[in-house]
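Engineer: According to Swiss-Prot, the protein carries these features:
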| type | residues | note |
| --- | --- | --- |
| TOPO_DOM | 1-35 | topological domain 'Cytoplasmic' |
| TRANSMEM | 36-56 | transmembrane segment |
| TOPO_DOM | 57-75 | topological domain 'Extracellular' |
| TRANSMEM | 76-96 | transmembrane segment |
| TOPO_DOM | 97-120 | topological domain 'Cytoplasmic' |
| TRANSMEM | 121-141 | transmembrane segment |
| TOPO_DOM | 142-155 | topological domain 'Extracellular' |
| TRANSMEM | 156-176 | transmembrane segment |
| TOPO_DOM | 177-195 | topological domain 'Cytoplasmic' |
| TRANSMEM | 196-216 | transmembrane segment |
| TOPO_DOM | 217-233 | topological domain 'Extracellular' |
| TRANSMEM | 234-254 | transmembrane segment |
| TOPO_DOM | 255-289 | topological domain 'Cytoplasmic' |
| TRANSMEM | 290-310 | transmembrane segment |
| TOPO_DOM | 311-337 | topological domain 'Extracellular' |
| TRANSMEM | 338-358 | transmembrane segment |
| TOPO_DOM | 359-480 | topological domain 'Cytoplasmic' |
| TRANSMEM | 481-501 | transmembrane segment |
| TOPO_DOM | 502-557 | topological domain 'Extracellular' |
| TRANSMEM | 558-578 | transmembrane segment |
| TOPO_DOM | 579-703 | topological domain 'Cytoplasmic' |
| REGION | 678-703 | region 'Disordered' |
Amino acid sequence: MEETFVPFEGIKNDLKGRLMCYKQDWTGGIKAGFRILAPTTYIFFASAIPVISFGEQLERSTDGVLTAVQTLASTAICGIIHSIIGGQPLLILGVAEPTVIMYTFMFNFAKGRPELGRNLFLAWSGWVCVWTSLILFVLAICGACSFINRFTRVAGELFGLLIAMLFMQQAIKGLVDEFRAPAREDLKLVEFLPSWRFANGMFALVLSFGLLITALRSRKARSWRYGTGWLRSLVADYGVPLMVLVWTGVSYIPTGDVPKGIPRRLFSPNPWSPGAYENWTVVKEMLQVPIVYIIGAFIPATMIAVLYYFDHSVASQLAQQKEFNLRKPSSYHYDLLLLGFLTLMCGLLGIPPSNGVIPQSPMHTKSLATLKYQLLRNRLVATARKSIKQNASLGQLYGNMQDVYNQMQTPLVYQQPQGLKELRESTIQATTFTGNLDAPVDETLFDIEKEIDDLLPIEVKEQRVSNLLQAVMVGGCVAAMPLLKMIPTSVLWGYFAFMAIESLPGNQFWERILLLFTAPSRRFKVLEDNHATFVETVPFKTIAMFTIFQTTYLLTCFGLTWIPIAGVMFPLLIMFLIPVRQYILPRFFKSAHLQDLDAAEYEEAPALPFHLAVPEAEMGSTASYPCDSEILDEFITRSRGEFRHTCSPKVTSSTSTPVYNRNLSQVFSPRVIDLRGEMSPRLSGKGQNSPKPSPLNPSSSSK
């Protein structure tokens, strides 16, 4: 994205770039046919279940003023509008946890003011949305999105861990409430007797932990040893919503003398009931709000605008990572302007606004990368087999595949397609008799399936159809509210805990916290797997000090959310991290260390070679290669949807650049010694499972 602070310049450039490919955004999705339903269904479940959970949370926090009907309606309406006239169609919109927190603060404030009360809460929140939209308009017009690159890893990961803590807090709070009687229920009912409250709470623990454990296990289904590839992929992609259905079914097992209200279930009015559509006419009541509160609404509006500016921009950034090789232009400024209009519309309708969400946005891009991979792969395999039947040479075969690849690319005037990767020398030697591209292909040696996997670059099917369809499906959930009310609330608390835990892998802040609690004598185990590069390049004392600073800042933000009125200010602390990172931290940490600890990309160092490689013959000749979804899962973090970058060990300016050495695997960074504490038993050769020396003499075997 080109930085520009000229008013309207960024919006104009975004519109110009996206209008050039608007037609292809629709035709590309339509040409995909029924295949587009797979990523559509995948992202629908990833969007709908959290929104339903947030609706239950809002129902409890706002005394039933806002429910799942409103959160689903907001997600559907904003998603449909954005998919049609939005700039970046890969961006997924939805009601997010920060919005729920801000609306909870505003409701508690309005409830405690006689001039507002519960009745004028939605009218006052409408004024908050009016102010929020005006601030977003100003930010978009002035090109504030040009600062998106200033949001470094420090701010992003701290914000992600804060959201994870709030998710877990809500899960724990919800489970504790399962042992208590609800505030708005008749306490004389049999299900609210002490013995039945205890039974409800214990059953809630079973359902919550059951969903949590099985959902976490299903996410790793692609690495299971059992089942076919398509079955493991199905469980990995749709296992979480499937587990929601399974544990909802388990909740209906108790019968007989068990009261009807056990376990407690999702409460929300049906969309056609009288009380469900009162908020749609809230615009009529906005003039009843006292003028002092209309002006005062600017304060929470500023916090929400800052929050949306940060969250929406980062979600769009993660959906457009350079590793996805997107060919169509970005649209940060225009999308922020559109978000202002959507926020205004939601405020006037009396529903909570939606904004770009993480990790659904990068998940959407990843699912479309899988779709594009499948479409290209099928055509290239057919082309390769046809060329081999015609006794074509390897050069002709590669040229035919390149032609088919170019034919399947969307013709863009301003950008050429990337093209297939180059053939590897080992492929040429293995598949031809003479090592010449003009030689005929040896069909017995040329593995079409595997070789094409190596040639295909990562690409994304950039289109609008999947975003539109998933938003329409979310809207269909509003009509299915009688079915949604069959879900136990305890299952939703388990899902909150799942979202909190699932967001931790890939968060380097969390990984450093775990490193601090690792015994010094066991720190070497961190090096036995792929690990972040700072583990080898930054002294442990510096890592500890940096992590303690982040933890203190995180606890300050989390503690602020507990303060009734001042809690609305927590987004300012997140934004304040930008000047803190730029001007304050360099005074306490070396710039080289900060660059590694606050890297722009998720960089990984390879595992140190503590064990001998397993000979390929021992794996068997029928070993299957990982599918494209499994490969992408290994490369992308769960917390923010980032690509992991494997890089070589870094050297300081005071050391000479190392040249290739066959014994280089035995040379470690000086910082590795600090981490070890004591040498690994496997490395020293004294442990029970330490590798035995190879019987082959390297010098003789190479001759």
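Note: Cβ is positioned from N, Cα and C throughout, glycine not excepted.
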Engineer: Counting Cβ pairs under 8 Å that are 6 or more apart in sequence, does the total for the transmembrane segment (156-176) and the transmembrane segment (121-141) reach three or more?
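Structural biologist: No; fewer than 3 Cβ pairs under 8 Å.
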Engineer: Run the contact check on the transmembrane segment (234-254) against the transmembrane segment (481-501): 3 or more C-beta pairs under 8 Å, excluding pairs closer than 6 in sequence.
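Structural biologist: These two segments touch.
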Engineer: Looking only at the topological domain 'Cytoplasmic' (1-35), what are its DSSP counts of helix, strand and coil residues?
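Structural biologist: For the topological domain 'Cytoplasmic' (1-35), the helix, strand and coil counts are 24 helix, 0 strand, 11 coil.
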Engineer: When you check the transmembrane segment (290-310) against the transmembrane segment (558-578), do you get at least 3 Cβ pairs under 8 Å, counting only pairs 6 or more apart in sequence?
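Structural biologist: The answer is yes, given that the two segments have at least 3 Cβ pairs within the 8 Å cut-off.
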Engineer: Using a Cβ-Cβ cut-off of under 8 Å, list the residues of the same chain that are 6+ residues beyond the ends of the transmembrane segment (481-501) and lie near it.
Structural biologist: 49-50, 52-53, 56, 68-69, 164-165, 167-168, 170-171, 174-175, 178, 203-205, 207-212, 215-216, 240, 244, 247-248, 251, 263-271
Engineer: In the topological domain 'Extracellular' (502-557), how many residues does DSSP put in helix, strand and coil?
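Structural biologist: For that range the per-state counts are 41 helix, 2 strand, 13 coil.
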Engineer: Write out how many residues of the topological domain 'Extracellular' (311-337) are helix, how many strand and how many coil, based on DSSP.
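Structural biologist: Grouping H, G, I as helix and E, B as strand yields 18 helix, 0 strand, 9 coil.
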Engineer: Under the DSSP assignment, what numbers of helix, strand and coil residues are found in the topological domain 'Cytoplasmic' (177-195)?
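Structural biologist: The topological domain 'Cytoplasmic' (177-195) comes out at 6 helix, 0 strand, 13 coil.
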